[in-house]
Structure formats: structure tokens, C-alpha cells
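Q: Got a structure for you, questions after.
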Amino acid sequence: MENLKKLAGIKAAEFVQSGMIVGLGTGSTAYYFVEEIGRRIKEEGLQITAVTTSSVTSKQAEGLGIPLKSIDDVDQVDVTVDGADEVDSAFNGIKGGGGALLMEKVVAVPTKHYIWVVDESKMVEKLGAFKLPVEVVQYGAEQLFRRFERAGYKPAFREKDDQRFVTDMQNFIIDLDLGVIENSVEFAQELDHVVGVVEHGLFNQMVDKVIVAGKSGLQVLEANK
């Protein structure tokens with residue numbers, strides 16, 4: 001499967017042309033896309049400017065000699081390629097397994113052509129088996145946790161190295177174990193109105209293409225937005 005992820009990342013890079021501003025995603029599959037962009041710059045003379053979705057991706061891109069800009073210095077991103085943790089039949093997705101959901105969404109919103117690269121295990125009928133990440137400010141996080149608990153969302157603070165995980169934006173992540181999300185659009189709206197929630201991992205009706213790596217090869221699926 002790792003080789004298929006690599007092939008999917010390389011396939012996604014075909015949508016990148018010189019002169020573009022490119023969003024570089026975060027995660028195991030996006031990693032291969034970033035590597036391929038670095039190779040094309042070095043070997044093919046590809047000329048692009050990139051914005052990144054995490055400190056991890058920034059470090060990778062810098063090591064490959066990919067020119068970077070801040071998202072604040074661009075008005076529009078031509079194409080962004082990123083991974084996803086789940087994608088449903090309506091092309092809504094859950095992202096944030098790597099903890100970069102806020103920056104990923106900030107880059108996705110001004111993107112003209114948004115592409116996800118996933119393996120076939122991520123394609124589901126309905127979202128929710130993967131825990132939904134909710135990024136929250138540190139102040140009042142315990143109160144929010146209890147609120148989610150009362151609602152039956154089975155919350156858990158994300159941890160790393162036996163401590164609470166802190167995002168690049170210095171926030172906590174509460175993962176919600178929802179089982180099935182019957183209406184991801186409505187649930188996203190509910191979370192959008194919770195004070196203290198900075199962002200959540202529901203990416204509804206945002207993606208344009210999904211490149212799926214499976215045992216039989218690669219599929220490029222077009223979202224009907």
C-alpha cells in the first residue's frame with residue numbers, strides 16, 4: 001500500500017504546472033506529493049511557489065528547495081494536494097489525524113483546485129468511524145470536554161509523548177468518537193457555533209478531485225460540487 005500511496009502522490013503532482021501557487025498538504029500520502037514536487041523543481045525546472053499546511057511540511061519543503069510563501073502573502077492558491085482520513089460517498093471528508101486541520105483548512109478555502117490523495121480504505125459510505133478532531137483553545141478546554149461528554153460524543157484529549165498534543169497554533173485537539181455522522185453538514189454547523197472551538201476536521205463539499213490508491217491501481221474521482 002505504501003508504494004500505491006507514492007504513486008498517488010506522484011499522480012497528483014501532474015496537476016501542478018509552472019507559475020502556480022501550490023498548497024502542500026500534511027500526512028503520509030501528501031509527503032510523497034511534496035517529494036515529487038521537489039524532484040520536478042530539481043530535475044525538470046518546475047517553477048512554483050508553495051504554501052504549507054504544517055511546520056512538518058514546511059521543514060520537508062525547505063529541505064527539498066521548494067520556494068515558500070506565507071498564506072498571508074497570497075490571495076489565491078491554484079492547487080492544493082492533501083490527504084484525508086475518511087471520504088464519504090458525497091465527497092465530504094474528515095481530516096486532522098495528523099493534527100494540522102486548522103492550517104489545512106486555512107489553505108484549502110482560497111484554493112481553486114483542491115485534491116485529496118487517499119488509499120481505498122479511507123473511502124466510506126458515511127463519515128464517523130474515524131474520530132473527528134476538534135481544535136479548541138486551551139482556555140476553557142476542560143469545560144468544552146465536559147460539554148462534549150454530556151452530549152454523548154465520547155471525547156478524548158489527543159496526547160503525544162504522555163502529554164496533551166499541542167497544535168502548531170498552540171491549541172489542544174479533542175477527538176470525538178461519534179461512530180456515524182448522519183449529517184456532516186449539520187454537525188459542522190453545530191460545532192461552528194461552539195465558543196472555544198477554533199476549527200473541526202469536517203471538510204464538507206470542499207474537494208474537487210480524490211485520487212484513490214487501491215489494489216487494482218489508481219482512480220481519479222471527480223466530486224460533484
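Residue numbers in this text run from 1 along the chain shown.
Yeah, the Cβs are placed from backbone N, Cα and C, and that goes for glycine too.
Note that the coordinates shown come from a computational prediction; the quantities given were computed from them, not determined experimentally.
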Q: Of the candidates Lys59, Lys122, Lys126, which one does Swiss-Prot list alongside Thr26, Gly27, Ser28, Thr29, Asp82, Gly83, Ala84, Asp85, Lys95, Gly96, Gly97, Gly98 as binding substrate?
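A: Record source Swiss-Prot; matching candidate: Lys122.
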Q: In Å, rounded, how far does the Cα of Asp82 (substrate binding site) sit from the Cα of Glu104 (active site, proton acceptor)?
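A: It is 8 Å, counting Cα to Cα.
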Q: What whole-number value in Å do you get for the largest C-alpha pair distance within Thr26, Gly27, Ser28, Thr29, Asp82, Gly83, Ala84, Asp85, Lys95, Gly96, Gly97, Gly98, Lys122, the residues recorded as binding substrate?
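A: Across Thr26, Gly27, Ser28, Thr29, Asp82, Gly83, Ala84, Asp85, Lys95, Gly96, Gly97, Gly98, Lys122, the two farthest Cα atoms sit 16 Å apart.
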Q: With every protein chain in view, what's the tally of Cβ atoms within 10 Å of the Cβ of Ala84 (substrate binding site), excluding that atom itself?
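A: Step by step: centre on the Cβ of Ala84 (substrate binding site), count other Cβ atoms within 10 Å, giving 27.
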Q: How many whole Å apart are the CA atoms of Thr26 (substrate binding site) and Glu104 (active site, proton acceptor)?
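A: About 8 Å separate the Cα atoms of these two residues.
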Q: If we count other C-beta atoms within 10 Å, could you say which of the binding-site residues Lys95, Lys122 has the fewest?
A: Lys122
Q: Would you list the other residues of this chain near substrate - those whose C-beta lies within 8 angstroms of the C-beta centroid of Thr26, Gly27, Ser28, Thr29, Asp82, Gly83, Ala84, Asp85, Lys95, Gly96, Gly97, Gly98, Lys122 - in sequence order?
A: Gly25, Ala30, Val118
